[in-house]
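**Student:** Got a structure for you, written out below as structure tokens; questions coming shortly.
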């Protein structure tokens, strides 16, 4: 059974978060032009720094664990790369994405020598560093994208890129850069992979909010706005997939997913509770909610002032129903401490926390309730 621990309560909603490799610092976006950095302080967390170089709302952030670099993207159509100096200060570098619409999503590649930025301009900017000119260069993936890119994920080979889009499609494209990447080995996705090769295109019943390659890279999972998760097992280039399995959920849509191992996927979204899906090429199923909302939890939140505040929950469904009935009939309400789940609102992002890519043992979640929660599988 999964256990949870509230690491920190942010003063604002969190739409994206990322930890450093030591898990001693994390950054978060809060629907402003700022990125907030928090660092561990004893048993709690304290605000350490604010990055405010963007002019408009920061839409996504990612932290490269090996190189310790942070990348951000924004509605101002640009990206920034932050590198930590030996004296503890951060050097920021502007990356021109050459977009005419907002940047929506960003992820470092596994080797951390490239990053990809989705956008509302129907293109993906693949950025890499040119040593000769000392700047970041962007190349555009365009074909066959027809709408806003909502999510991205890199294949373990550092070349293939999965994209979830608002045109109700999930794509697998080649982001091979000749001066950066070694020639990739042949796989089920193809052997000849020049830049912008379309390796696969899969349908969905709604916007594709999340995509993710399996640890082996031989399967792709994606979550649609129709409350479904689809797992695709490709067979060969330009051939129908060996299996295309769709799991229909009886809950609100998912926003984020990650592979715990080759046969388990953790996903979360508008339903406030992470869920576990398990299966293989023969079939997948939603096996359980990781937050059943049946046990009482308590935690202490330490803010910047150092004052602790203990909160307890949850309350029963009967109490919630009674409260809303009284508000409707009598115009009165009674105090309710919390909902029956650890998260009190939408879960926006899931991130691996402990384990290896093929065996994730713990992950973190953040959402619009401002909570950053650690889950142990």
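Backbone N, Cα and C atoms are what each Cβ position is placed from, and that goes for glycine too.
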**Student:** So which range, 272-292, 293-313, 314-334, gets flagged region 'Disordered' in Swiss-Prot?
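**Tutor:** When 272-292, 293-313, 314-334 are checked in Swiss-Prot, region 'Disordered' belongs to 293-313.
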**Student:** Pairs 6 or more apart in sequence, C-beta under 8 angstroms, 3 or more of them: is that satisfied by the repeat 'WD 3' (98-139) and the repeat 'WD 2' (53-92)?
**Tutor:** yes
**Student:** Quick one: find which recorded stretch in 9-48, 53-92, 144-183, 203-242 has the most Cβ pairs under 8 Å with the repeat 'WD 6' (342-376).
**Tutor:** 9-48
**Student:** Per DSSP, how many helix, strand and coil residues does the repeat 'WD 4' (144-183) have?
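**Tutor:** Grouping H, G, I as helix and E, B as strand yields 0 helix, 18 strand, 22 coil.
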**Student:** Residues of the same chain, at least six outside the repeat 'WD 5' (203-242), with any C-beta under 8 angstroms of its C-beta?
**Tutor:** 150-157, 160, 162-166, 168-170, 172, 187-191, 248-259, 261-262, 265, 267, 269, 277, 279, 281, 284, 357-358
**Student:** Looking only at the repeat 'WD 3' (98-139), how are its residues distributed among DSSP helix, strand and coil?
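**Tutor:** Tallying H, G and I as helix, E and B as strand, the rest coil: 0 helix, 24 strand, 18 coil.
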